[in-house]
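Summarising the annotation, TrEMBL assigns region 'Disordered' to 1-49. Here TrEMBL flags 36-47 as compositional bias 'Polar residues'. Under the heading repeat 'TPR', TrEMBL lists 312-345.
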Amino acid sequence: PGTSLKLPGTSQGGGPSPAVRPVTQSGRPITGFVRPSTQSGRPSTMEQAIRTPRTALTARPITSASGGYVRLGTALFEYIFHHENDIKNALDLAALATEHAQFKDWWWKVQIGKCYYRLGLYREAEKQFKSALKQQDMVDTILYLAKVYLRLDQPVTALNLFKQGLDRFPGEVTLTCGIARIYEEMNNISSAAEYYKDVLKQDNTHVEAIACIGSNHFYSDQPEIALRFYRRLLQMGVYNCQLFNNLGLCCFYAQQYDMTLSSFERALFLAENEEETADVWYNLGHVAVGIGDLNLAYQCFKLTLVNNNDYAEAYNNLAVLEMRKGHIEQARALLQTASSLAPHMYEPHFNFAILSEKVGDLQRSYTAAQKSEEAFPGHVDTQQLIKQLKEHFAML
(Lines of atoms letter the chains of each structure in order from A and count residues from 1; the text may use other names and numbers.)
(Lines give C-alpha, C1' and ligand atoms only; values in the text may rest on other atoms or scores of the structure.)
Protein backbone atom coordinates (compact mmCIF):
# COMPACT_ATOMS: atom_id res chain seq x y z
CA PRO A 1 0.00 0.00 0.00
CA GLY A 2 1.16 3.51 -0.81
CA THR A 3 3.32 2.50 -3.77
CA SER A 4 0.84 0.51 -5.84
CA LEU A 5 -2.56 1.16 -7.38
CA LYS A 6 -3.50 -2.49 -6.90
CA LEU A 7 -3.29 -2.16 -3.10
CA PRO A 8 -4.47 1.35 -2.29
CA GLY A 9 -3.77 2.30 1.32
CA THR A 10 -6.80 3.01 3.45
CA SER A 11 -5.70 4.86 6.55
CA GLN A 12 -2.50 6.72 5.76
CA GLY A 13 -4.05 9.47 3.63
CA GLY A 14 -7.21 10.06 5.59
CA GLY A 15 -9.23 8.10 3.03
CA PRO A 16 -12.78 7.27 4.09
CA SER A 17 -13.65 3.66 4.90
CA PRO A 18 -15.87 1.52 2.64
CA ALA A 19 -18.66 2.12 5.16
CA VAL A 20 -18.71 5.78 4.12
CA ARG A 21 -17.54 5.84 0.53
CA PRO A 22 -18.31 3.01 -1.91
CA VAL A 23 -15.29 1.36 -3.52
CA THR A 24 -14.67 -0.12 -6.96
CA GLN A 25 -13.74 -3.74 -7.53
CA SER A 26 -10.04 -2.95 -7.21
CA GLY A 27 -10.61 -1.40 -3.77
CA ARG A 28 -10.26 2.25 -4.77
CA PRO A 29 -12.82 4.82 -3.68
CA ILE A 30 -15.30 5.79 -6.37
CA THR A 31 -14.15 9.09 -7.88
CA GLY A 32 -16.25 12.17 -8.46
CA PHE A 33 -15.71 12.21 -12.21
CA VAL A 34 -15.77 9.61 -14.97
CA ARG A 35 -12.42 9.65 -16.78
CA PRO A 36 -11.08 7.82 -19.81
CA SER A 37 -8.85 5.72 -17.55
CA THR A 38 -11.80 4.55 -15.47
CA GLN A 39 -13.88 3.68 -18.53
CA SER A 40 -14.21 0.43 -20.41
CA GLY A 41 -12.53 1.57 -23.64
CA ARG A 42 -9.11 0.35 -22.56
CA PRO A 43 -6.95 -1.90 -24.71
CA SER A 44 -7.56 -5.63 -24.15
CA THR A 45 -11.30 -5.16 -23.67
CA MET A 46 -14.15 -6.32 -25.86
CA GLU A 47 -14.68 -2.79 -27.20
CA GLN A 48 -11.07 -2.72 -28.30
CA ALA A 49 -11.38 -6.09 -30.01
CA ILE A 50 -14.41 -4.90 -31.98
CA ARG A 51 -12.49 -1.84 -33.12
CA THR A 52 -9.83 -3.88 -34.89
CA PRO A 53 -8.09 -2.23 -37.83
CA ARG A 54 -10.25 -1.84 -40.90
CA THR A 55 -8.56 -3.27 -43.94
CA ALA A 56 -10.43 -1.49 -46.73
CA LEU A 57 -7.54 0.83 -47.58
CA THR A 58 -8.71 3.13 -50.37
CA ALA A 59 -6.84 3.51 -53.63
CA ARG A 60 -7.49 7.25 -53.78
CA PRO A 61 -4.51 9.15 -55.19
CA ILE A 62 -2.83 11.74 -52.96
CA THR A 63 -4.06 15.16 -53.99
CA SER A 64 -2.17 18.44 -54.37
CA ALA A 65 1.49 18.02 -53.54
CA SER A 66 1.88 21.72 -52.76
CA GLY A 67 0.70 21.20 -49.15
CA GLY A 68 4.24 20.30 -48.09
CA TYR A 69 5.39 16.73 -47.81
CA VAL A 70 6.35 17.04 -44.16
CA ARG A 71 2.79 17.86 -43.13
CA LEU A 72 1.59 15.01 -45.34
CA GLY A 73 3.65 12.49 -43.36
CA THR A 74 2.26 13.62 -40.02
CA ALA A 75 -1.30 13.74 -41.37
CA LEU A 76 -0.91 10.24 -42.80
CA PHE A 77 0.34 8.94 -39.45
CA GLU A 78 -2.58 10.55 -37.59
CA TYR A 79 -5.01 9.03 -40.10
CA ILE A 80 -3.57 5.50 -39.79
CA PHE A 81 -3.28 5.71 -35.99
CA HIS A 82 -6.55 7.39 -35.03
CA HIS A 83 -8.93 6.63 -37.89
CA GLU A 84 -7.83 3.24 -39.19
CA ASN A 85 -6.62 2.08 -35.75
CA ASP A 86 -3.87 0.15 -37.55
CA ILE A 87 -1.12 0.47 -34.95
CA LYS A 88 1.48 -1.75 -36.62
CA ASN A 89 1.48 0.17 -39.91
CA ALA A 90 1.52 3.47 -38.01
CA LEU A 91 4.58 2.22 -36.08
CA ASP A 92 6.38 1.30 -39.32
CA LEU A 93 5.68 4.74 -40.78
CA ALA A 94 6.88 6.51 -37.61
CA ALA A 95 10.06 4.40 -37.48
CA LEU A 96 10.90 5.23 -41.13
CA ALA A 97 10.21 8.92 -40.53
CA THR A 98 12.45 8.96 -37.43
CA GLU A 99 15.26 7.34 -39.41
CA HIS A 100 14.77 9.87 -42.19
CA ALA A 101 15.04 12.71 -39.65
CA GLN A 102 18.27 11.11 -38.33
CA PHE A 103 16.65 10.52 -34.92
CA LYS A 104 16.53 14.27 -34.22
CA ASP A 105 12.77 14.84 -34.52
CA TRP A 106 11.09 14.62 -31.10
CA TRP A 107 7.58 14.54 -32.57
CA TRP A 108 8.12 11.23 -34.34
CA LYS A 109 9.66 9.71 -31.21
CA VAL A 110 6.48 10.55 -29.30
CA GLN A 111 4.40 8.88 -32.02
CA ILE A 112 6.54 5.73 -31.83
CA GLY A 113 6.06 5.79 -28.05
CA LYS A 114 2.28 6.06 -28.53
CA CYS A 115 2.32 3.03 -30.84
CA TYR A 116 4.39 0.99 -28.38
CA TYR A 117 1.98 1.97 -25.59
CA ARG A 118 -1.01 0.75 -27.59
CA LEU A 119 0.78 -2.50 -28.39
CA GLY A 120 1.48 -3.06 -24.69
CA LEU A 121 5.27 -2.61 -24.98
CA TYR A 122 5.48 -0.18 -22.06
CA ARG A 123 9.24 -0.22 -21.46
CA GLU A 124 9.95 0.54 -25.14
CA ALA A 125 7.39 3.35 -24.99
CA GLU A 126 9.11 4.73 -21.89
CA LYS A 127 12.48 4.88 -23.75
CA GLN A 128 10.95 6.78 -26.68
CA PHE A 129 9.15 9.32 -24.48
CA LYS A 130 12.27 9.93 -22.38
CA SER A 131 14.35 10.44 -25.50
CA ALA A 132 11.76 12.89 -26.88
CA LEU A 133 11.75 14.83 -23.58
CA LYS A 134 15.53 15.24 -23.76
CA GLN A 135 15.19 16.90 -27.18
CA GLN A 136 12.09 18.97 -26.49
CA ASP A 137 10.36 19.59 -23.16
CA MET A 138 6.62 19.18 -23.79
CA VAL A 139 3.67 18.82 -21.41
CA ASP A 140 2.05 16.22 -23.70
CA THR A 141 5.10 13.98 -23.60
CA ILE A 142 5.16 14.13 -19.78
CA LEU A 143 1.50 13.08 -19.71
CA TYR A 144 2.17 10.14 -22.05
CA LEU A 145 5.14 9.01 -19.98
CA ALA A 146 3.04 9.19 -16.80
CA LYS A 147 0.41 6.99 -18.47
CA VAL A 148 3.12 4.40 -19.10
CA TYR A 149 4.17 4.44 -15.43
CA LEU A 150 0.57 4.10 -14.26
CA ARG A 151 0.07 1.11 -16.54
CA LEU A 152 3.26 -0.40 -15.07
CA ASP A 153 1.72 0.20 -11.61
CA GLN A 154 4.37 2.72 -10.54
CA PRO A 155 2.27 5.65 -9.24
CA VAL A 156 5.11 7.11 -7.15
CA THR A 157 7.34 7.40 -10.27
CA ALA A 158 4.45 9.07 -12.12
CA LEU A 159 3.96 11.53 -9.22
CA ASN A 160 7.65 12.45 -9.24
CA LEU A 161 7.52 12.93 -13.01
CA PHE A 162 4.52 15.27 -12.71
CA LYS A 163 6.20 17.26 -9.93
CA GLN A 164 9.38 17.67 -12.01
CA GLY A 165 7.15 18.79 -14.88
CA LEU A 166 5.54 21.41 -12.64
CA ASP A 167 9.00 22.82 -11.85
CA ARG A 168 9.53 23.39 -15.57
CA PHE A 169 5.92 24.41 -16.39
CA PRO A 170 4.67 26.13 -13.23
CA GLY A 171 0.88 26.24 -12.89
CA GLU A 172 0.22 23.77 -15.75
CA VAL A 173 -3.33 22.54 -15.05
CA THR A 174 -3.05 19.11 -16.72
CA LEU A 175 0.00 18.17 -14.63
CA THR A 176 -1.58 19.32 -11.34
CA CYS A 177 -4.75 17.43 -12.25
CA GLY A 178 -2.67 14.31 -13.01
CA ILE A 179 -1.14 14.41 -9.52
CA ALA A 180 -4.59 14.80 -7.94
CA ARG A 181 -5.96 11.81 -9.88
CA ILE A 182 -3.11 9.55 -8.75
CA TYR A 183 -3.55 10.55 -5.11
CA GLU A 184 -7.26 9.87 -5.43
CA GLU A 185 -6.64 6.42 -6.92
CA MET A 186 -4.23 5.65 -4.07
CA ASN A 187 -7.00 6.58 -1.60
CA ASN A 188 -5.02 9.57 -0.32
CA ILE A 189 -8.06 11.82 -0.42
CA SER A 190 -6.72 14.79 1.55
CA SER A 191 -3.72 15.26 -0.78
CA ALA A 192 -5.97 14.82 -3.83
CA ALA A 193 -8.29 17.57 -2.57
CA GLU A 194 -5.33 19.93 -2.06
CA TYR A 195 -4.17 19.45 -5.65
CA TYR A 196 -7.68 19.84 -7.05
CA LYS A 197 -7.85 23.17 -5.20
CA ASP A 198 -4.55 24.14 -6.88
CA VAL A 199 -6.15 23.27 -10.23
CA LEU A 200 -9.03 25.65 -9.46
CA LYS A 201 -6.57 28.44 -8.62
CA GLN A 202 -5.26 28.21 -12.20
CA ASP A 203 -8.56 27.39 -13.94
CA ASN A 204 -11.69 28.04 -11.91
CA THR A 205 -13.99 26.42 -14.50
CA HIS A 206 -12.29 23.01 -14.40
CA VAL A 207 -15.27 20.63 -14.25
CA GLU A 208 -13.34 17.58 -13.06
CA ALA A 209 -11.74 19.43 -10.13
CA ILE A 210 -15.05 20.98 -9.01
CA ALA A 211 -16.84 17.61 -9.24
CA CYS A 212 -14.14 15.74 -7.33
CA ILE A 213 -13.91 18.33 -4.55
CA GLY A 214 -17.71 18.25 -4.34
CA SER A 215 -17.80 14.47 -3.99
CA ASN A 216 -15.02 14.55 -1.36
CA HIS A 217 -17.02 17.02 0.72
CA PHE A 218 -20.14 14.89 0.32
CA TYR A 219 -18.38 11.75 1.60
CA SER A 220 -16.73 13.77 4.41
CA ASP A 221 -20.24 14.47 5.73
CA GLN A 222 -20.39 18.06 4.47
CA PRO A 223 -23.35 17.96 2.03
CA GLU A 224 -23.97 21.73 2.25
CA ILE A 225 -20.45 22.48 0.95
CA ALA A 226 -20.76 19.79 -1.74
CA LEU A 227 -24.03 21.44 -2.79
CA ARG A 228 -22.19 24.70 -3.41
CA PHE A 229 -19.73 22.98 -5.75
CA TYR A 230 -22.45 21.17 -7.68
CA ARG A 231 -24.47 24.38 -8.00
CA ARG A 232 -21.34 26.01 -9.40
CA LEU A 233 -21.28 23.33 -12.12
CA LEU A 234 -24.93 24.04 -12.86
CA GLN A 235 -24.15 27.77 -13.24
CA MET A 236 -21.34 26.88 -15.66
CA GLY A 237 -23.81 25.16 -17.96
CA VAL A 238 -23.22 21.50 -17.08
CA TYR A 239 -26.69 20.00 -17.42
CA ASN A 240 -26.85 16.23 -17.14
CA CYS A 241 -28.36 13.33 -15.21
CA GLN A 242 -25.34 12.80 -12.93
CA LEU A 243 -25.30 16.41 -11.74
CA PHE A 244 -29.00 16.48 -10.83
CA ASN A 245 -28.62 13.09 -9.17
CA ASN A 246 -25.82 14.47 -6.98
CA LEU A 247 -27.78 17.67 -6.29
CA GLY A 248 -30.73 15.53 -5.14
CA LEU A 249 -28.54 13.54 -2.74
CA CYS A 250 -26.87 16.69 -1.35
CA CYS A 251 -30.27 18.35 -0.81
CA PHE A 252 -31.54 15.23 0.98
CA TYR A 253 -28.57 15.00 3.34
CA ALA A 254 -28.59 18.77 3.88
CA GLN A 255 -32.30 18.40 4.84
CA GLN A 256 -33.58 20.57 2.00
CA TYR A 257 -36.37 18.11 1.24
CA ASP A 258 -38.34 20.44 -1.04
CA MET A 259 -35.55 20.34 -3.65
CA THR A 260 -34.71 16.64 -3.37
CA LEU A 261 -37.52 15.07 -5.40
CA SER A 262 -37.53 17.76 -8.10
CA SER A 263 -33.78 17.19 -8.62
CA PHE A 264 -34.29 13.45 -8.96
CA GLU A 265 -37.21 14.00 -11.37
CA ARG A 266 -34.96 16.15 -13.53
CA ALA A 267 -32.23 13.49 -13.34
CA LEU A 268 -34.67 10.79 -14.54
CA PHE A 269 -35.75 13.04 -17.38
CA LEU A 270 -32.12 13.62 -18.47
CA ALA A 271 -30.92 10.00 -18.07
CA GLU A 272 -29.36 8.81 -21.33
CA ASN A 273 -29.22 5.08 -20.65
CA GLU A 274 -30.60 2.42 -18.33
CA GLU A 275 -27.55 2.45 -16.04
CA GLU A 276 -28.12 6.12 -15.24
CA THR A 277 -31.84 5.53 -14.68
CA ALA A 278 -30.99 2.67 -12.33
CA ASP A 279 -28.67 4.93 -10.30
CA VAL A 280 -31.40 7.53 -9.85
CA TRP A 281 -34.01 4.95 -8.77
CA TYR A 282 -31.50 3.45 -6.34
CA ASN A 283 -30.89 6.84 -4.73
CA LEU A 284 -34.64 7.47 -4.58
CA GLY A 285 -34.90 4.16 -2.72
CA HIS A 286 -32.36 5.47 -0.22
CA VAL A 287 -34.37 8.65 0.25
CA ALA A 288 -37.49 6.53 0.83
CA VAL A 289 -35.68 4.47 3.50
CA GLY A 290 -34.52 7.75 5.07
CA ILE A 291 -38.07 9.10 5.38
CA GLY A 292 -39.38 5.70 6.57
CA ASP A 293 -41.56 4.82 3.57
CA LEU A 294 -40.43 1.21 3.14
CA ASN A 295 -43.06 0.34 0.51
CA LEU A 296 -41.80 3.15 -1.73
CA ALA A 297 -38.22 2.01 -1.08
CA TYR A 298 -39.15 -1.54 -2.13
CA GLN A 299 -40.68 -0.24 -5.38
CA CYS A 300 -37.63 1.97 -6.11
CA PHE A 301 -35.13 -0.87 -5.62
CA LYS A 302 -37.28 -3.12 -7.84
CA LEU A 303 -37.25 -0.42 -10.54
CA THR A 304 -33.46 -0.20 -10.15
CA LEU A 305 -33.17 -3.89 -11.00
CA VAL A 306 -35.58 -3.53 -13.93
CA ASN A 307 -33.17 -0.99 -15.46
CA ASN A 308 -29.92 -2.69 -14.45
CA ASN A 309 -30.06 -6.35 -13.52
CA ASP A 310 -26.49 -6.38 -12.15
CA TYR A 311 -27.01 -3.75 -9.45
CA ALA A 312 -25.51 -5.49 -6.40
CA GLU A 313 -26.35 -2.69 -3.94
CA ALA A 314 -30.05 -2.86 -4.86
CA TYR A 315 -30.11 -6.65 -4.32
CA ASN A 316 -28.54 -6.12 -0.90
CA ASN A 317 -31.04 -3.46 0.14
CA LEU A 318 -34.01 -5.45 -1.15
CA ALA A 319 -32.78 -8.38 0.94
CA VAL A 320 -32.75 -6.19 4.06
CA LEU A 321 -36.37 -5.14 3.35
CA GLU A 322 -37.35 -8.79 2.80
CA MET A 323 -35.68 -9.72 6.12
CA ARG A 324 -37.79 -7.09 7.87
CA LYS A 325 -40.92 -8.69 6.40
CA GLY A 326 -39.74 -12.08 7.62
CA HIS A 327 -39.16 -13.54 4.12
CA ILE A 328 -35.96 -15.42 4.97
CA GLU A 329 -35.57 -17.46 1.77
CA GLN A 330 -36.05 -14.49 -0.57
CA ALA A 331 -33.58 -12.45 1.48
CA ARG A 332 -31.01 -15.26 1.35
CA ALA A 333 -31.35 -15.60 -2.46
CA LEU A 334 -31.00 -11.83 -2.96
CA LEU A 335 -27.91 -11.64 -0.73
CA GLN A 336 -26.24 -14.54 -2.56
CA THR A 337 -26.87 -12.73 -5.86
CA ALA A 338 -25.45 -9.49 -4.44
CA SER A 339 -22.28 -11.13 -3.09
CA SER A 340 -21.64 -13.02 -6.36
CA LEU A 341 -22.07 -9.80 -8.39
CA ALA A 342 -19.86 -7.68 -6.11
CA PRO A 343 -17.47 -9.79 -4.02
CA HIS A 344 -15.60 -6.58 -3.10
CA MET A 345 -18.59 -5.20 -1.12
CA TYR A 346 -18.70 -6.14 2.54
CA GLU A 347 -22.43 -5.46 3.16
CA PRO A 348 -23.96 -8.53 1.40
CA HIS A 349 -21.45 -10.87 3.09
CA PHE A 350 -22.14 -9.36 6.51
CA ASN A 351 -25.94 -9.41 6.06
CA PHE A 352 -25.75 -13.02 4.88
CA ALA A 353 -23.69 -13.91 7.96
CA ILE A 354 -26.27 -12.29 10.28
CA LEU A 355 -29.16 -14.01 8.49
CA SER A 356 -27.47 -17.44 8.59
CA GLU A 357 -26.65 -17.00 12.28
CA LYS A 358 -30.30 -16.19 13.06
CA VAL A 359 -31.58 -19.37 11.39
CA GLY A 360 -28.84 -21.43 13.04
CA ASP A 361 -26.61 -22.13 10.01
CA LEU A 362 -23.41 -21.23 11.86
CA GLN A 363 -20.93 -22.67 9.35
CA ARG A 364 -22.25 -20.53 6.48
CA SER A 365 -22.45 -17.56 8.80
CA TYR A 366 -18.76 -17.92 9.71
CA THR A 367 -17.68 -18.26 6.05
CA ALA A 368 -19.65 -15.14 5.04
CA ALA A 369 -18.33 -13.18 8.03
CA GLN A 370 -14.75 -14.00 7.01
CA LYS A 371 -15.46 -12.71 3.47
CA SER A 372 -16.92 -9.54 4.98
CA GLU A 373 -13.76 -9.07 7.08
CA GLU A 374 -11.58 -9.54 3.98
CA ALA A 375 -13.53 -6.83 2.12
CA PHE A 376 -13.48 -4.38 5.06
CA PRO A 377 -11.04 -5.34 7.85
CA GLY A 378 -12.05 -2.41 10.08
CA HIS A 379 -15.76 -3.31 10.36
CA VAL A 380 -16.46 -3.67 14.10
CA ASP A 381 -19.77 -5.57 13.80
CA THR A 382 -18.14 -8.24 11.62
CA GLN A 383 -15.33 -8.71 14.13
CA GLN A 384 -17.83 -9.08 16.98
CA LEU A 385 -19.84 -11.66 15.01
CA ILE A 386 -16.70 -13.70 14.22
CA LYS A 387 -15.71 -13.57 17.89
CA GLN A 388 -19.16 -14.82 18.97
CA LEU A 389 -19.09 -17.65 16.43
CA LYS A 390 -15.59 -18.71 17.47
CA GLU A 391 -16.69 -18.83 21.11
CA HIS A 392 -19.67 -20.93 20.08
CA PHE A 393 -17.49 -23.34 18.07
CA ALA A 394 -15.09 -23.60 21.04
CA MET A 395 -17.98 -24.64 23.28
CA LEU A 396 -18.98 -27.36 20.81
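For all residues, glycine too, the Cβ spot is worked out from N, Cα and C.
Over the repeat 'TPR' (312-345) the predicted model carries a mean pLDDT of 95. Residue counts for the repeat 'TPR' (312-345) under DSSP, helix first, then strand, then coil, are 28 helix, 0 strand, 6 coil.
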